[in-house]
Amino acid sequence: MMFLKGKFQLQQLPAHYLQAAINGVIPQENGILQSDYGGETIQGPAFDPTSHPASAPAPSSSSAFRPVMPSRQIVERQPRMLDFRVEYRDRNVDVVLEDSCTVGEIKQILENELQIPVSKMLLKGWKTGDVEDSTVLKSLHLPKNNSLYVLTPDLPPPSSSSHAGALQESLNQNFMLIITHREVQREYNLNFSGSSTIQEVKRNVYDLTSIPVRHQLWEGWPASATDDSMCLAESGLSYPCHRLTVGRRSSPAQTREQSEEQSTDVHMVSDSDGDDFEDASEFGVDDGEVFGMASSALRKSPMMPENAENEGDALLQFTAEFSSRYGDCHPVFFIGSLEAAFQEAFYVKARDRKLLAIYLHHDESVLTNVFCSQMLCAESIVSYLSQNFITWAWDLTKDANRARFLTMCNRHFGSVVAQTIRTQKTDQFPLFLIIMGKRSSNEVLNVIQGNTTVDELMMRLMAAMEIFTAQQQEDIKDEDEREARENVKREQDEAYRLSLEADRAKREAHEREMAEQFRLEQIRKEQEEEREAIRLSLEQALPPEPKEENAEPVSKLRIRTPSGEFLERRFLASNKLQIVFDFVASKGFPWDEFKLLSTFPRRDVTQLDPNKSLLEVKLFPQETLFLEAKE
């Protein structure tokens, strides 16, 4: 039986479908049933379709074949239902069937729903690849929920109006492009609208990687993306994410340069005219550097964008550009604002504090390339900075960025330090500022200019570290003493709090005890009042005591209480036993709490029928009884 969500459609399976389903569920060879448990084989009778007449009702899929298993309990297989969501263009069809059905039966259902002939239909999305129509679903080992799609290559596409609607929808969608920069193995996640062009993507990648558009070598664009003016919605990109790879295209001049001497290259370029330098990268020279000589006029991408709103974004570009120029072995630059760098370096526990090193870059200085490549990127300097410093960087090449840093410097270090940096000449850059945090201010320990050596730079860093270590030891001592005082105060406060809680707990316990006693006393009083009311009502309801000389027979009873006192009273022999119980209860001994016993013979009078007379229960003419509390 097959089900279609939203519509219940019952079809009678053909006989060959049922036989194929049975053979798919329980594979057979020469009467040997292959077991799914531990590779065992079980001998059973072979299935013969001719042994079942056509008029006999077809068995259900869960019990279509039941081989007799010697010395083993017969296990019936319950049918397993599978859910399929089938997508065709702008439609989704949900199909539910048993795993004993075949792929062709799914197509029959889709033929009714989509009005597509089975012969024109390609059902795709199977995890095992393409399958035949006669394949039984159980043999594919499918999960409970499955997603498939239908292709109709022989049918014409939908009308142009629906295609235009789909294109308009794609133009309004956002595509996530995951772009890998091959040379530096860095990944960028960029969002573009469907209306953006391929050219816009390449220009954005140029801003990130400094690879000009004409030198970009791409992998991953669809075959239909043949024109850079094409929008992303028409290019055939996978939605919502698509992966691309970009690298720098190798020019013939770069290949020749690897086999020639460096000096020969310099002479060759020096003889070229000015037009050749406009596209120096054609000769294997990076933008921004002509055969090892710094030239900011040729750099396509600055170290830091001008007028950046977010300092963290500016430092991200600074780090990426620094890596592309000088390699990946460089100090780890802190990504964030200068205030965040202060928090990271100074406003932590004394043992975790570090010095703050501020690197001030300037592309116009002739010392910049040498300082960055030979000193700042030296492994010893990189290792020492990473262990003992928080390194923050800024680019002063642009006037706007220079003014912005001077404002920050004046706010954090004072006007003297800001004026010192303002008066530095271009050829004195780059600068390295060593900052130490103090209780009330931040102190500039050293200003290191670019005209230095690796050894001198290391010595000045170590000298600053010695000053910082001495100050740090004092801060650690003060912090430990302060924490000790605070711990003592916390312990005292905690002891005081616990004392208050103990007193409050005692007071609350006493109040609860008093309230409980009061409640019990009230209950006791109410019970006593209730018992007294019952006693009085019973006493008033008692018949009058007969006289000794009476025309009727009189029984005289003497009752001993638990305290040793005796209760004496005369009753008519015809009185019921209940009157005796009421008399005893009126004296404060209710019969549900006390039992009335006779001596000879010993018996429990309260167990007798209270409606019988004293004469009938043999309490005549006189009897001595005693009261005993029930357990």
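Heads up, the Cβ atoms here are built off N, Cα and C, so glycines get one too.
In TrEMBL, the coiled coil annotation falls on 488-540 of the listed ranges 223-275, 488-540. DSSP labels the residues of the domain 'UBX' (550-627) in these numbers: 13 helix, 29 strand, 36 coil. Per-residue pLDDT, averaged over the coiled coil (488-540), rounds to 93.
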